[in-house]
Amino acid sequence: MADELGHLLVFGFLFNLGVYMVAPAMTDVTMDALCPGQDECSLAIYLTGLQQAITGLGALVATPIVGNLSDKYGRKALLLLPATASILPLACNRTKAFFYAYYITRMVTAMVAEGSMHCLSLAYVADKVPPSRRAAAFGVFSGVCLAGFVAGTVAARFLAVAAVVAAAAAVYMRAFVKETDGGASLLRAAAGDEENSSSHPLCVPSCSSSSSQDVAPPTLPPLRKALSLSDMADLLTTSSTFSRDALVIFFYSLGETGLQTAILYFLKVQFQYSKNQYANLLLVIGIAGSLSQLVMMPILAPKLGEQKLLIIALLGGCVHVPYLGASFVIVSILVNPSIRSIVSKRAGPFEQGMVQGCLTGISSTANVISPIVFSPLTAWFLSETAPFNFRGFSLACAGFAMLIALTVSINMRPAELQPDSK
């Protein structure tokens, strides 16, 4: 098991290394192509927001379907889709024609690559790791992906090899990552432990039924076909845990995407940030987040539990001050592993892909709405026609969205964090 998860971690690192090698340069490339020689460019902000919205809309449709299909056809088979779609060289030419060609191609491939890879990988981890250690395992995988993000940011000057790294990730995954059994082995292990417990000399006749109630988590309603919007609605209404987690991840993603939409252009206009300064900020965020998930998550998750960890993480996510706010990523980065672990424990074998895909689809819904709201808001308050002098107004609104997510998580009752009784 350790070797199989190790290969998945290597794939996750290489995948994110290739994707994020181009991230620090994108703001400068966009502004140089569209508004050369200018510090403020509303068109660049709008196009960035449009790309995030269309990518999120595509992920909203694709990820629940891909996740559900992986429950039937295997995680590895479906992981090949985002792995190959991410192989795309950066258009280094700063002319408008080359930029628009790259912009459209990247937007189309990101619909499949960005959300599907993460949800399928988490479903793979859930197939291999028992529920008691799942939160820590999710954190370790996310931490390794963030380490790839850090390495990609450091290697941003070598843009020409980004596509080569992405191709290497796809080849490595195809060669070394083994297919899972959908979690059937974990179910058999739990059944074996239950049988051993019931056969113990001190066990009374009612021991077996009692152990079954304590150990075997109930499963979500099976949805074996490709998910539709009505299926997702049914899934939301069958579990109070899933419904509240959906609200948390929606408002968290709304604020997080809004922050990503606004922050780089705000720093460009307000403080004349360059590409190197962007990279430094991304490095601070990535290193802190990676260390947090690799070190803190395995330690804190068993002691505090997912709910307390979720509340602490959302509290840190409400702070959005450059560099000071970046230090709070140590706790705010734990939001996604905590939420996904809570919901994963509710799902049974052959349902992890469906559940993780639905969570990614909900997050993608926020990714669609957020740029529509925050892009014009950012451009408005950075322009000379702003109604009042508050250039960081869109950042404050992003923090307010995360505050709503924090309020919902605080109001979650402890009973809702345990598998619902049938």
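Yeah, the Cβs are placed from backbone N, Cα and C, and that goes for glycine too.
Automatic prediction, not curation, is the source of TrEMBL annotations.
Listed in TrEMBL:
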type	residues	note
TRANSMEM	6-23	transmembrane segment
TRANSMEM	43-67	transmembrane segment
TRANSMEM	103-126	transmembrane segment
TRANSMEM	132-151	transmembrane segment
TRANSMEM	158-177	transmembrane segment
TRANSMEM	246-267	transmembrane segment
TRANSMEM	279-299	transmembrane segment
TRANSMEM	311-336	transmembrane segment
TRANSMEM	357-381	transmembrane segment
TRANSMEM	393-412	transmembrane segment
State the non-local partners of the transmembrane segment (246-267) in its own chain: residues 6+ outside its ends, Cβ under 8 Å from one of its Cβ atoms. 27, 44-45, 48-49, 52, 56, 236, 273, 277-278, 281, 310, 314, 317, 320, 322, 335-336, 339, 359, 362-367, 369-371, 373-375, 377-378, 382, 391-392, 394-395, 397-402, 404-405, 408-409
Take the C-beta pairs under 8 A between the transmembrane segment (43-67) and each of 6-23, 103-126, 132-151, 158-177, 393-412. Which stretch has the highest count? 103-126
Does the transmembrane segment (132-151) come close to the transmembrane segment (6-23), meaning at least 3 CB pairs under 8 Å for residues 6 or more apart? yes
With a cut-off of 8 Å between Cβ atoms, can you find at least three pairs linking the transmembrane segment (132-151) to the transmembrane segment (279-299)? Only pairs 6 or more residues apart in sequence count. yes
Counting only residues 6+ away from its ends, which parts of the chain sit with a Cβ under 8 Å from the transmembrane segment (279-299)? 23-24, 135-136, 138-140, 142-144, 146-147, 149-150, 153-154, 156, 267, 273, 309, 322-323, 326-327, 329-331, 333-334, 337
